[in-house]
Structure formats: C-alpha cells, structure tokens
Amino acid sequence: MIELKEVVKEYRTKNKEVLAVDHVNLSIRAGSIYGVIGFSGAGKSTLIRMFNHLEAPTSGEVIIDGDHIGQLSKNGLRAKRQKVSMIFQHFNLLWSRTVLKNIMFPLEIAGVPRRRAKQKALELVELVGLKGREKAYPSELSGGQKQRVGIARALANDPTVLLCDEATSALDPQTTDEILDLLLKIREQQNLTIILITHEMHVIRRICDEVAVMESGKVIEHGPVTQVFENPQHAVTKRFVKEDLNDDFETSLTELEPLEKDAYIVRLVFAGSTTTEPIVSSLSTAYDIKINILEANIKNTKNGTVGFLVLHIPYISSIDFGKFEKELIERQVKMEVLRHG
C-alpha cells in the first residue's frame, strides 16, 4: 500500500511562492497500476518525484509499505530507492555504455558481483525483448528500444514500485502501445505496483486500474478508470475524455438545423454488458419512435468496455421521454440531453 497524506510542495523565489502540489491525498493498492493525468503545469511531475524523495515535500507524508519516506536515514532512503525505481520520458541512458552495461549500471552501484550483475542484466534484456542487442549503443536504438533499456535498468534491483514519468510521450502510437503491453506483462510477472503520469487519456485507459486527475497542483477527481471515463465530473476530466474519443460533435451541433418541437439530441453512455445489448432498437419499438444514430464510439479500458452513442429523436412526448429516461437508468445507461426542440 502507498499513501500520500496532505502532501504539499511549495517553491519559494524572491518574488513569489509557487504551490506545485496542493494538499494531495492518495491511496494506491499494492500490485495495481495507478495513473496520474494532467495538462502541463498541473503538478504531476513534481508529485511523482516525491514518491522516491527526489523532491522532498514541504509538508505531508509519503508512506510506502509502512515506511515514512521523509523519516528514513540516508542509508535507509538509499535502500528504499532501490525498491522504488523510475523510468523517464527521455530515457536517461549512458551513451558511452552498451545496452547490457546500461542495465548493469545500478547493480554495479549496489555492489553486486560482476558475474551476477551480468547474468541478471542478460535476463532483463530477454524480458524486455532486446535479445541480440546487448552490445548496441543507445545511438543505434529506436526510441522504443531505448525505453526498453530504461525499463530493464529500472528493474535491475528487483523493485516493488515502478514510477513512470511520461514514459511514452516521446514515442509514436504503435511503440507507445508496445511499451504499455510490456509494462502490463512485467506487472503480472513481478507483481509490481506501477505509478505513471501522462497527459494522454489513451495511456490511462489502456493499462491503469485507477486514475487521479490533477489541475493546479490539486487532485480534482479520482477513481477506477472505467468509472471516471464513463462519468467524468470535472471540466478537465471531460476534456481528456473528449479528446480520447476524438469527439467534436458538440461543435457540429451549432451547425444543425433548429430542432422541431419535442425533438431531442441525446448522448448515451454504456458500460460493461450493456454495450452489447440492443437497447436502442428495443426502446424504439417500445415507444414507437424513430431514433437516428448520429455518432457511435466504443472504447476499451483495462477493466471493461465503455460505449457512447449520440441519438436524434425527431419526436417524443414529454411524458414518454420521462419514461424513456427512467428505463435507461434502470438499464444502467447514462443519458445527457445535448439539445431539445
């Protein structure tokens, strides 16, 4: 279990004080993948660096497996950092070292005998899919391969927690998915707790169990990914979901002809088993109404599927619309009225 209790990080300059992290409270289950998402300047990079005390909190507590990180001795903190490892956006590899020697580097620092360190590094090379590239230098590798080296190096000391600081933001979409699949595989094999920060909802949706959304140093929304994706509460969260859906329908609404009286345009959100049920056709039959599908989208999260539909109902009485809405609620389908004639 990892806990953040009232964590604050404040930077002081001659002219002003900057509150980078503002009274953050989080609980992260051991063995889970926890995502932190926010736009630039939200405070997420500062936050992740407090898990291993690369940044010391101004106040508050960071507790990992019962250890209060800020209360550890210098030697205790050094030992803890071996178990709370980190990968970076720009890889941070040693360019004068080969793939194998980059992975061996943290083992050398830890005083592991050379033969054992080499054997461990070779195992990690195979784990991350770089067998045959042991003698290559970073300049000879693609971005995805460099990040694989970074991941292998981070695993060298058998950590229990892996911190990912924008680990895929420098990669193309296909390579991003390959790295995310690798992180999932490693989590399953080694029972790691993974904490990642990103500005991409796709990354959160694809591998995370839970997510926290940050803005101006605060956590403004958090919860299971499917729940947050299905029913975002804060404007920032809604923007991330909208971008992931590539949804510009609300902009298109302004170009539509005025609706007739008793006509509606609604958005439905389905989750789980309801995404495969013929709800629209059954409701159309039950209420003897025409329903036009204007837009449809299905997104997979790590723990389930979320579906989105935008519907045009040319005519439905207010009484029937109330019944229509009630039946959707009973079927656990959320509805938002976008326009009403």
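Including glycine, each Cβ sits where the backbone N, Cα and C put it.
Given the structure is predicted, the values throughout are model-derived calculations rather than measurements.
If you look up Swiss-Prot, you'll see GLY38, PHE39, SER40, GLY41, ALA42, GLY43, LYS44, SER45 marked as ATP binding site, on the strength of sequence analysis. LYS44 (ATP binding site) falls within a helix when secondary structure is assigned with DSSP.
Annotation source Swiss-Prot lists domain 'ABC transporter' at 2-241.
Of all the Cβ atoms in the protein chains shown, 12 others lie within 10 Å of the Cβ of GLY41 (ATP binding site). Same-chain neighbours of the ATP site beyond GLY38, PHE39, SER40, GLY41, ALA42, GLY43, LYS44, SER45, judged by a C-beta within 8 angstroms of the site's C-beta center, are, in sequence order, HIS199, MET214, GLU215. The 10 Å shell around the Cβ of SER45 (ATP binding site) contains 17 further Cβ atoms across the protein chains shown.
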